[in-house]
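Chemist: Below, the features straight out of Swiss-Prot:
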- 1-31: topological domain 'Cytoplasmic' (TOPO_DOM)
- 32-52: transmembrane segment (TRANSMEM)
- 53-799: topological domain 'Lumenal' (TOPO_DOM)
- 64: N-linked glycosylation site (CARBOHYD)
- 138: N-linked glycosylation site (CARBOHYD)
- 267: N-linked glycosylation site (CARBOHYD)
- 335: N-linked glycosylation site (CARBOHYD)
- 474-477: disulfide bond (DISULFID)
- 481: N-linked glycosylation site (CARBOHYD)
- 482-500: disulfide bond (DISULFID)
- 512: N-linked glycosylation site (CARBOHYD)
- 669: active site, charge relay system (ACT_SITE)
- 689-794: disulfide bond (DISULFID)
- 742: active site, charge relay system (ACT_SITE)
- 774: active site, charge relay system (ACT_SITE)
């Protein structure tokens, strides 16, 4: 029973007893003293245990869980209309921006995914269908298409018109699928040119000419083991980043689609637990792990809308008997003809083959082969943005420069099956991350690059008219507060929408790519100004950011980003505060990017009055292959060393501000693996505590595609196993958190770790989340609360 309850009980007894007249001043004084002591204790507790859900606390701002959503930029997926207006997705639904003013054109209902047709006459609404076992491969949805009629009266306020629509039920809705409202759809794709579409149901692709038309055309013949138009788990997670495996041609008259055979791929089994269900539900899905003998095999087909015929393509690779991943698919105009380009890579992802596919012959002829130098690899990012101009293709390859090599734009002139060597654009020493496209009138190519600094992401242009000189021009550099930019272009590459993610409040600019102002800078203006959002970010009191480059060896530097609560940084007398090292450390990751970063670590640090340190060392991206290659074949080694070295330097440089006796490390997924590895490799008691969420404990337990990309054909003995060296956890407190339904990093990893910690007699904290996957997204509040309580105990209570 609490102290407050005890006090109230006693107080009630005094009021109701027969001896109230016998109370003297001493008794009253004692009661008052007790009450005052309780009030002091409550006040002290409020100061010490900063509430997670209070907006402000005693004069200084504290971030809370709700800020994770309210401070997130509310706009995404921008697209141009025919009259140069801009359509975008927002929390509320689909909005259109005209002359700097936005209005809602289609509202979001119950969090449904909304996809507009090419002319925005129709909107597809996708609501998730029941999935009792929560199987990631069984995710389906109910699909409705709404006829979004033209405005009834342009003079009416939009909200009034929306109310009228609801009352009059003026919008016509169409249920899509073989069984209409009873159908569960696996994937859906509008034609980018017209209002027709395709969808996948029961592993087969179907075509419908318009929402109003009842007739369906079956495009493919998938079944129980052959799946058409969809990617399996490993392709969705590690290569394409999406579920559908369908590509409409630009003209809208052909559809390319991928198919795979899954009956030989091994399954992983997870369990879900439901109230009043006597038995758990088993969830089985295909997940080939490292060293797996069988990987999913994919084929590529084209369906012709005019003839209503499908043809499986004969992909002519030199080593056709070996296993190949499908890496990229894109329709491109080559010499005035639209053709399908497909890119393939070997199992270890260090060789690529590019083919051009023809409908008439049903052949994909080999046009380009490339073998990567030692300790280098290909990713989907290098070819997903492939583009063309006349008879030349442009994509990303490593370009050797002095003592380094950078991912840069390579051009390949096609020669009908005669293999040629690509040439590189004349660029500086920086990594190009993606190609946006080419303005064919001005012969200008646009791309994103990690420049002018490695921690930046900027939009560049480059003139193909004179490739003898470096004509690269940074477009987004002239936009204020835009060190981390993401751009979307119109079809003619004359206008760009640039989403600026930092370093301050995110915002969006619209850029005229064909005109320069008086300072020879590209003309730009705000797409829209969301004053409410801007004020919210400014009032949030985001931490002060310190960025440094520190030496960790003769050949390598580490980039660091130190975040300090603003009220602490501005104090006259600095008192050393705890430090939370937020680590990820995975291949090609950038943790010190100059963007506004507001994650759960910011909320926890705010509640704990601690600083956050992020570090990029060897293995990180943005600084060429010299850094990327360093971890090849040895995950969990040099990147761990660099983190520990950098922490030591930072603690020395900022010893007036950071308390070296109160250092915690926190990481999720690969970061969870890094957290455990760093505690193992650091000096004893270097870390006071550690939080590891959903960690990999040995990459032999992880998926083959990811692991073998970075480990190659290294034997099992070369794999780091964090469970082999756990003695430091006897002096470093550990909080281990994992979802039991994690389909990405299986709980198997934590189970093996738990077993070994118990064998060694290590005391640790454990929090498991039933029915929760890798992100624990529906348990964010609980995760933050548990982490905050754990770290506050570590920093302020434990000795």
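Numbering starts at 1 and runs along the chain as it is shown here.
Using N, Cα and C of the backbone, Cβ positions are placed for all residues, glycine too.
Here the structure is a predicted model, which means the values were calculated and not measured.
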Chemist: Note down the number of other Cβ atoms within 10 Å of the Cβ of residue 481 (N-linked glycosylation site), including every protein chain shown.
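Modeler: Excluding its own Cβ, residue 481 (N-linked glycosylation site) sees 15 Cβ atoms within 10 Å.
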Chemist: So what sits near residue 669 (active site, charge relay system) in its own chain, CB-to-CB under 8 Å and at least six residues off in sequence?
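Modeler: 584, 586, 693, 694, 695, 696, 744, 745, 774 - these are the non-local Cβ neighbours of residue 669 (active site, charge relay system), listed in sequence order.
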Chemist: In angstrom units, rounded to an integer, how far apart are the Cα atoms of residue 138 (N-linked glycosylation site) and residue 512 (N-linked glycosylation site)?
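Modeler: Cα of residue 138 (N-linked glycosylation site) to Cα of residue 512 (N-linked glycosylation site) measures 44 Å after rounding.
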Chemist: Sort the recorded positions 474, 482, 500, 512, 689 by C-alpha distance from residue 267 (N-linked glycosylation site) and give me just the closest.
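Modeler: Out of the listed candidates, the nearest Cα belongs to 689.
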Chemist: Out of 64, 474, 512, 689, 742, which of these recorded positions is nearest residue 481 (N-linked glycosylation site) by C-alpha distance?
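Modeler: It is 474, whose Cα lies nearest.
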Chemist: Please identify which of 64, 267, 335, 512 has the densest Cβ environment, defined as other Cβ atoms within 10 Å, among these glycosylation sites.
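Modeler: When each Cβ's neighbours within 10 Å are tallied, 64 tops the list.
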Chemist: If we check Cα distances from residue 500 (disulfide bond), which of the recorded positions 477, 689, 742 wins as closest?
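Modeler: Nearest candidate: 477.
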Chemist: Going by Cα-Cα distance, which of the recorded positions (335, 474, 477, 482, 742) sits nearest to residue 794 (disulfide bond)?
Modeler: 742
Chemist: Look at the disulfide-bonded residues 482, 689, 794 and tell me which residue has the greatest number of other C-beta atoms within 10 angstroms of its C-beta.
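Modeler: Of the disulfide-bonded residues 482, 689, 794, the most buried by Cβ count within 10 Å is 482.
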Chemist: Sequence gap of 6 or more, C-beta under 8 Å: which same-chain residues meet both conditions with respect to residue 474 (disulfide bond)?
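Modeler: In sequence order, the residues whose Cβ lies under 8 Å from that of residue 474 (disulfide bond) (at least 6 apart) are 451, 452, 458, 459, 460.
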Chemist: From the Cα of residue 512 (N-linked glycosylation site) across to the Cα of residue 477 (disulfide bond), what is the distance in angstrom?
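Modeler: Rounded to a whole number, the Cα-Cα distance is 14 Å.
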Chemist: Give the helix, strand or coil assignment DSSP yields for residue 774 (active site, charge relay system).
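Modeler: Looking at the DSSP assignment, residue 774 (active site, charge relay system) belongs to neither helix nor strand, so coil.
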Chemist: Hey, how far is residue 742 (active site, charge relay system) from residue 689 (disulfide bond), Cα to Cα, in Å?
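Modeler: Here the two Cα atoms are 24 Å apart.
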Chemist: Within 10 Å of the Cβ of residue 138 (N-linked glycosylation site), how many other Cβ atoms can you find? Include all protein chains, please.
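Modeler: Residue 138 (N-linked glycosylation site) is surrounded by 16 other Cβ atoms within 10 Å.
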